[in-house]
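One structure is given below, encoded as structure tokens.
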Amino acid sequence: MVNRTAIIKQPDNISCFNDVYKLQKEYQEALILDNSNPDFIWIGEHQLCYTLGRGSNYDNLLFSLNDEKYDVFKIDRGGEVTCHMPGQLVTYLILDLKNFNKDLNWYLRKIEKIIIKILGNFNIDCHLKKGFTGVWIENKKIASIGIGCRRWITINGFSINFNCELENFNKIVPCGIENCLMANMIDYNKNLNIKEVKKIVKKIIQEEFNFDFVSK
């Protein structure tokens, strides 16, 4: 496969979800209009917020939408409600699947493979769970996936809990899974820092998609 150029952004600050979502939409629209434009990868952290997919059930929010303490966004992805917050590493991939494989099931399995390789790099033993999307450690979920796709241009991506306040997941039914327990990477390898994990995320995505990265 010929290497494809991708723009990568890895901000050090904690980012507002809505600002980054608008950025994703801009890059997606640019690729739809002209597929010679580069793909786009964003790796970072968000301020506390909750996001719902296109068909999400609002019953999985265990607080009122009128409660101004919580920022809630309905976005272009599949899946149910999830939570983003500092200490959780989020990766967005705006890719033209026509250059890889026009198969969303293939793409989801690819992301799961990437997550397992990332965690394995830090000697964290994880696995898939039959009937569910995402990655698990023992009986706890450590990584969630939510994607959208328009004209084979993807949006959104995956999150890995690094060292976040897992209590924030108690405000929802995570991914619509009753009694879903969540896990942090740091609980399984104390000698980690999030900057090192970000480097490995970048490296593995570059290898799996044969990207030439350009920082912007």
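Quick reminder: no glycine exception, Cβ is built from N, Cα and C everywhere.
Worth saying up front: this structure is predicted, and the values here are computed from it rather than measured.
Per Swiss-Prot, domain 'BPL/LPL catalytic' is recorded for 35-213, and the stated evidence type is sequence analysis.
The substrate binding site feature in Swiss-Prot is assigned to Arg77, Gly78, Gly79, Glu80, Val81, Thr82, Cys83, His84, Ser144, Ile145, Gly146, Gly157, Phe158, Ser159. Gly79 (substrate binding site) falls outside any helix or strand according to DSSP and counts as coil. The local packing around Gly79 (substrate binding site), expressed as other Cβ atoms within 10 Å of its Cβ over all shown chains, amounts to 21.
Residues annotated as site 'Lowers pKa of active site Cys' in Swiss-Prot, with sequence analysis given as evidence: Lys141. DSSP assigns Lys141 (site 'Lowers pKa of active site Cys') to a strand in the three-state reduction.
Less than 8 angstroms from the CB of Cys175 (active site, acyl-thioester intermediate) sit Gly79, Glu80, Val81, Thr82, Phe132, Thr133, Gly134, Lys141, Ser144, each of them six or more residues away in the same chain. DSSP gives Cys175 (active site, acyl-thioester intermediate) a helix state. According to Swiss-Prot, the feature active site, acyl-thioester intermediate maps to Cys175, an assignment based on sequence analysis.
Around the Cβ of Gly146 (substrate binding site), the number of neighbouring Cβ atoms within 10 Å comes to 26. In the predicted model, the domain 'BPL/LPL catalytic' (35-213) shows an average pLDDT of 96. Counting every protein chain shown, 22 other Cβ atoms lie within 10 Å of the Cβ of Lys141 (site 'Lowers pKa of active site Cys').
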